[in-house]
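Data block below; observations after.
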Amino acid sequence: MTTIESQCSIDGILLLNKPQGMTSNAALQKAKHLFGAKKAGHTGSLDPLATGMLPLCFGEATKICQYLLNADKSYETIGRLGSKTNTADCTGEVIFCIENYTVSHEEMIATLEKYKGKIKQIPSMFSALKHKGTPLYRLAREGIEIERKARDIVISQLKLEQFDGECFTLTVSCSKGTYIRNLVEDIGDTLKAGAHMTKLHRLYTAGFENNRMYTLDELQDMPLSQRLACLIPIDQAIQHLTPVILSDSEVTAIRQGKVISNKTGAVEGEDLRLYGEQSQFIGIGQALIHGDIKAKRLVSFAL
């Protein structure tokens with residue numbers, strides 16, 4: 001079976017192992033077609049060059065996409081010293097080349113230390129960020145450069161896995177909005193050798209460290225029942241939120257848009273995972289003053 005014509009709602013999260021050479025949106029559309037999903041969205045683009053985890057949200061799961069967009073990510077990347085490109089990766093044109101450079105293992109380690117923690121990063125012109133509604137990469141292809149402001153990012157892990165004097169392999173865990181190819185380029189600049197990224201693989205999105213990814217080929221070869229079994233429950237993406245169990249009457253009230261009294265001890269403004277008495281996921285609520293809760297994003301069914 002290759003595709004399905006779904007007569008029912010498809011709700012859940014698929015952890016897709018995106019192939020190289022495909023845009024995130026193209027991967028989303030192929031997966032959406034395979035599942036026959038009426039509504040779908042991805043949670044953080046991967047460049048065509050990149051592979052790895054691309055969480056896709058189907059149906060009611062699209063209501064929690066923002067939490068996955070905001071989640072930390074972990075990557076494995078390979079950089080090459082000695083040259084820079086206009087895109088900071090191997091798909092671009094070489095704009096700088098240096099033949100005579102020497103970088104020791106100790107120098108590389110010392111340089112990586114400078115990029116750990118909270119740092120500033122200037123996004124590449126070859127990014128999906130927009131200027132007056134136009135993606136920067138489109139402007140870059142027209143030879144237009146726009147001034148970009150440095151942004152705060154956090155590199156929580158930066159580990160050197162391999163280094164042969166030219167190519168270096170890194171494991172990087174970072175906050176949202178981090179451009180790994182820019183990080184690789186900045187490392188090369190600090191070493192005064194230049195560098196560009198040759199490989200990028202997303203290992204996981206926070207919350208899914210131990211979950212399996214599936215390729216499009218694997219999914220296409222599966223029967224429908226097995227394919228649907230690959231979907232992850234919506235609430236697994238928000239396990240970092242405090243869970244709150246509501247009574248049947250409270251579930252009814254909050255679905256009607258009413259504020260309910262539920263002494264959770266949560267901080268005002270804190271998002272909460274809401275469940276019914278039978279542990280069915282209701283959606284996301286928000287804590288108010290005095291422990292009250294209001295609906296923030298409810299699913300339209302009980303899982």
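Count begins at 1; order follows the chain as displayed.
Cβ coordinates come from backbone N, Cα and C, glycine included.
In the three-state DSSP classification, Asp47 (active site, nucleophile) falls within coil. Its Cβ placed at the centre, Asp47 (active site, nucleophile) has 22 other Cβ atoms within 10 Å. Per Swiss-Prot, active site, nucleophile is recorded for Asp47.
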